[in-house]
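The structure under discussion appears below in the form of structure tokens.
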Amino acid sequence: MTEPTITDDIIKAHGFTDDEYAEVNKILGRAPNYTEMGIFSAMWNEHCSYKSSKKWLRTLPTEGPQVICGPGENAGIVDIGDGQCVVFKMESHNHPSYIEPYQGAATGVGGILRDVFTMGARPIAAMNSLSFGEVAHPKTRQLVHGVVEGVGGYGNCFGVPTIGGEVRFHPAYNGNCLVNAFAAGLADTDKIFYSAASGVGMPVVYLGAKTGRDGVGGATMASAEFDDTIEEKRPTVQVGDPFTEKRLLEATLELMASGAVISIQDMGAAGLTCSAVEMGDKGGLGIRLNLDAVPIREDAMTAYEMMLSESQERMLMVLKPELEDTARAIFEKWDLDFAVVGETIPEDRFVIVHNGETKADLPLSKLASTAPEYDRPWVPTDPAHDMDAVPEVDPIDALRALLFSPNYCSRQWVYQQYDHQVMGDTVMSPGLGAGVVRVHGTDKALAFTSDVTPRYVKANPVEGGKQAVAEAYRNLTAVGAKPLATTDNMNFGNPEKPEIMGQFVGAIKGIGEACLALDTPIVSGNVSLYNETDGTGILPTPTIGAVGLLSSMDDLIAGTARDGHVLLLVGDTNGHLGQSALLAEVFNREDGDAPHVDLGAEKRNGDFIRDNRDWIGACTDLSDGGLALAAFEVAHAAGCGITLDVGDTATLFGEDQARYLISTSFDAAEALMVAAGRAGVPLATVGKVGGASLRIGTSEAPLADLSATYTNAFSQTFA
């Protein structure tokens, strides 16, 4: 088949700027052919190259005594002791999920699972952070149903528990939903597999499902804004098969145990192109591929299509040649394709042969480590300090408004569609703060959470970035876990706009400061830019996934409030209402500055919770909705009423940071008061547990009525 002639329209469709296309010509000393241009386009787009963000990502703290592998591999790796490690990452699948919600979300789950088991880890937990447009928008209902069904359909069939996540709604996501998928797995520290190729003349092997035309150009699509041609992009969305992925997992882990693997990489964005280039570049080698050997499921596929297909459930491996027969037998047993499709070469070349013709001959390093990198112009965000006065409200009426909001009501309708008990090690399920999974066969457990408050980030990117990390830290602490490390998923608009780039730079600064202060280095992550439709961008959404360790199940804080318990508030309360849930849901306002984060207080207060866990009955952190919403959540979980002593609006609904609400016995409360005094931690009695109502000052409502609103609001809207 004759390749298309390169035209200006084709160059533009591949996402090249004039300068970038000129640079390609300069590198080659000639114009690229169609296949070569597709390869350069895939590797130089934002999704694969991080060309607009690399400069700033390098400033993040990525090291620590617990870190085995930081950013740059398929996933981050953190030591959890006893010769074991946790492997984890969060990644976006935003653009595909908006175009084709079910498959976009499903393949997002599949892709992040492969990132984990490619490293030699068996997946043990999944989470997702989902952002949708306003409820009344005509597309929101379809997106919610499709995405939730896609996440559940893939994860449930694969057999990994989905143990937590977030769901939010805001008009800024009307034209771009966000689907951020997280996965974690367990591995032995001496059995980790990396992607860098080594050895000249080693066979390059294709593993897994066959290649089709689905997803061709997906990475390029994910690096561009949406416009009125969005429906034309549907063929760029991948199609997933979770049962094939399950077989691929088992075959891959069995293959690794055989000793046949030199290096291995999953095929994700840009498919065969990106996996081969990354393996060669990291190993300082070239790669020659023979596409005639690639297993295909569609007739007459071109070299361009095979190189850029993003068909799912595929891996690429550099194999020990003497164990080829052993490796082939394993994959044939699992009814998966196994094909030697190339070899490593000493030259810095990426050579593609198809039907006996050389379809591409490119300098491999120019596609990866020496790809373009930009220092985009940026302007700092001017923090929004001005805020109109906030009227006093009836606290129960305001609380009821929050409980009915899709942003703060129960997500039961969502997580009931996810299997969160498969594998039998789930200790704390969705809806109870951080998810907790036992390390199988041990007395240890791992806690997982994902957090961000986009309103804060828009108002003040630095403080919003800090707060995302701090809230993740608090969620882990509230279940008794010691926070270990984080992964970031940076979702932003068009980086060519200085104000958007300024949001990104500010958020990175805040995240870096918080991770450094809280000893939670960033070990993996993902950047998703150009989340805009017709020039309108999303709220800046730097999602933080975090992992914590419970060295013993005795460390777990998993109790509930009981009749007669005292309520204690840890941390300073100053009544910060700027950018609060109260303003957004009750007054339809988003004004004022984001709450500022005292990282020293976060560390002290978190250490206090963990050091005194034996005195704590129930614990939750304070975030959206402040003390009032936290108190309701404690009451709802216990099925027992609560009386709060305070009654003014700012104290009840302010969102000051570094705070926890504790329920415990009177004697334990006295012991905690003494310990807090010694530690220099603010601690105050704010109420008591008992009865069947929620009482706040002079306002009161039956807990059963409030719980019904909270429990049913989401399903009433979306079921």
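Backbone N, Cα and C define each Cβ position, glycine as well.
Among the candidates Tyr50, Tyr456, Tyr473, the one that Swiss-Prot lists alongside Lys89, Asp488, Gly525 as binding ATP is Tyr50. Together with Ser92, His93, Asn94, His95, Arg114, Gln238, Glu310, Ser311, Gln312, the substrate site in Swiss-Prot holds one more listed residue from Ser450, Ser524, Ser528, which is Ser528. If you compare Cα positions, Asn526 (Mg(2+) 1 binding site) sits closest to Asp488 out of the recorded positions Tyr50, His93, Gln312, Asp488. Remark: Gln312 (substrate binding site) has Thr107, Gly110, Gly111, Ala209, Asp214, Gly215, Gln238, Val239, Gly240, Asp241, Thr244, Glu245 as non-local neighbours, by Cβ distance under 8 Å and separation of at least 6 in sequence. Between the CA atoms of Asp266 (Mg(2+) 2 binding site) and Asn94 (substrate binding site) there is a gap of 20 Å, rounded to the nearest whole number. Candidate binding-site residues: Ser92, Asn526. Fewest other C-beta atoms within 10 angstroms, Asn526. The shortest Cα-Cα distance from Asp488 (ATP binding site) to any of the recorded positions (His47, Glu91, His93, Asn94, Arg114) is found for Glu91.
DSSP assigns Gly525 (ATP binding site) to a strand in the three-state reduction. Looking only at the recorded positions His47, Tyr50, Asp115, Gly525, the one with its C-alpha closest to Asn94 (substrate binding site) is His47. Comparing Cα positions, Gly525 (ATP binding site) lies closest to Glu91 out of the recorded positions His47, Glu91, Asp115, Glu310. If you measure from the Cα atom of Ser92 (substrate binding site) to that of His47 (active site), you get 10 Å.
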